[in-house]
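Here the structure comes first, spelled out in structure tokens, and everything after it is commentary.
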Amino acid sequence: MITHYSLPITRYPLPRFLTLSQIEFPSQFDVLVVGAGAAGLYTALCLPESLRVGLITKETVALSASDWAQGGIAAAIAPNDSPSLHIEDTIQAGAGLCDVAAVEFLAQQAPKCIESLVNLGVAFDRHGQALALTLEAAHSRNRVLHAADTTGREVTTTLTDQVLRRPNIQVIQQALALSLWLEPETGHCQGISLFYQGAITWVRAGAVVLATGGGGQVFAQTTNPAVSTGDGVAIAWRAGAILRDLEFVQFHPTALTKPGADRFLISEAVRGEGAHLVDNEGRRFAFDYHPAGELAPRDVVSRAIFSHLQRTAVDPATAHVWLDMRPIPEDKIRLRFPNIVKVCQRWGIDVFREPIPVAPAAHYWMGGIATNLKNQTNIPGLYAVGETASTGVHGANRLASNSLLECIVFGAQLANLTPADLIQHTETPALPTREFKIDASEWQHQQSQLAILREKLPRLVWQSAGICREQSTLSVAIATVKSWQQDFAALPLSQFLLSLQPNEPVSCNFSDTDQQLRLWAETGNLLDVAYLILKSAAFRIESRGGHFRLDYPHSNPDWQVHSLVQKHQWWQSPIMKS
């Protein structure tokens, strides 16, 4: 039995948010959790309270992709629903690549997870005393719980409040993880290197949990926040972790497309409640591509919009279609989607009188660090949870509102971690502190090079590995990214930091230290993530789920397998049956 479902609501005095200048960073924890979205927060809460836990986030605990999640969290709790139906829908959406055992575990644990969240104080919407359930695309039943259209914010706010009340959890904000710290003889993960307070330090841990979210910022069009730079996947890959299914990226069909506006996600729940997807003539064109129309799986709807614009728009790259909410009763719109109404109003759109301009954008990464049902990776002592992990649940295409659920169900597995599971390390003395120095003009030139790379890379990846891909553009993009990786490695800061020995601290004394070192680290991570996605997309010579190739437009039974990569080696691996 999994004990986390009876998580107590702790009532310790609420501490202030701590800045790095206010704390003394310990040199060792029992467990380090990197990332403070839903996966990281819930993992930290579920870890035994006897363990000393460090929760590391490069921003604040109030900023993550989970906080942006609108639609909700799926669970089969209705009388006419069941985990078996939830399993069927998830497998159907996954286009033949779901690991059945992982899907069964997810759906069967979902109702108890909802009970746990309610007990912790998450205020889901209700109809009277009953939890309100809505329908989303590719679900056969109303099973999506929500808190208006800001479910992610409600979940993360509640979890953050609980985390800050736990005396065994120390939250370290604005600290940037740079690399894993492996024991050279055993290959065990014994901690991380990270940047904080203008210095690089090494922190030991009996276990490291990566919960850093996705990598949407590698694409020019994305619904992800700026923090989503694929840090966990890149860090794990460089350390030798096995990664899985990196070519599968979910492009959300309906992101707000307005000059000057962020690509704000218009939740799938809007279409589930009855909104229509129409073209400039007001025609519901999605039915040309799938019998379910705008309620087809996300990859189908995204390609429908892409194909329709390619055929009808003068400039498909900047064109859009329309999402018309007017078929939904006005009172329901105000009740269910107040944030969407508010954001659209901010950009001059009255959803009660006119449709919303929308187009697809990168939204969710199905691939990630390969894990088992206990979140273990191939590196002893290293775990991964949430979007940064590949559990086998989503297959080639994630079912709507299964992402928050995955964070909670698999984060809960860390409740079973015991002191006996923690890697015991031999203490080694820290090496003398090195100082990074650079000429002012050279530093300015380096800043300019990083900024140019950061601007060019997402455009290249969007054009070559976006909704539709083919070998010719992938090959050119791979060669370009390799060249940029070489340019990045030749930077003075790269040469200095990549030459560090384990447990060798660094002090940095140059202007804008925090901002510039973060730019350096994120740019390096995005270059690696781009390379991995491009190579994985070229490796899979078929179309399936979130991976569509113009030169191989159909699924191939020989490719009903996972793609795995370790370092620079790619290979196929069979899916896991129940």
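For all residues, glycine too, the Cβ spot is worked out from N, Cα and C.
Now, the feature entries from Swiss-Prot:
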BINDING   36-39, Lys58, 65-72, Asp231, Glu387, 403-404  FAD binding site
SITE      Glu136  site 'Important in orienting the L-aspartate substrate'
ACT_SITE  Arg298  active site, proton donor/acceptor
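Features recorded in Swiss-Prot, as mapped to the structure shown.
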| residue | record | DSSP (3 states) |
| --- | --- | --- |
| Ala36 | FAD binding site | coil |
| Gly72 | FAD binding site | coil |
| Glu136 | site 'Important in orienting the L-aspartate substrate' | coil |
| Arg298 | active site, proton donor/acceptor | helix |
| Ser403 | FAD binding site | helix |
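Closest to Glu136 (site 'Important in orienting the L-aspartate substrate') in space, going by CA atoms and restricting to the recorded positions Ala36, Ala39, Arg298, Ser403, is Arg298. Between the C-alpha atoms of Ala39 (FAD binding site) and Arg298 (active site, proton donor/acceptor), the distance comes to 23 Å. Cα separation, Ser403 (FAD binding site) to the residue listed as 'active site, proton donor/acceptor', rounded: 14 Å.
Neighbour density for Gly72 (FAD binding site): within 10 A of its CB lie 31 other CB atoms from the protein chains shown. Neighbour density for Ala36 (FAD binding site): within 10 A of its CB lie 32 other CB atoms from the protein chains shown. Within the same chain, residues at least six positions away from the residue listed as 'active site, proton donor/acceptor' with a Cβ under 8 Å of its Cβ are Ala137, Ala138, Gln250, Phe251, His252, Pro253, Glu268, His363, Asn397, Arg398, Ala400, Gly546.
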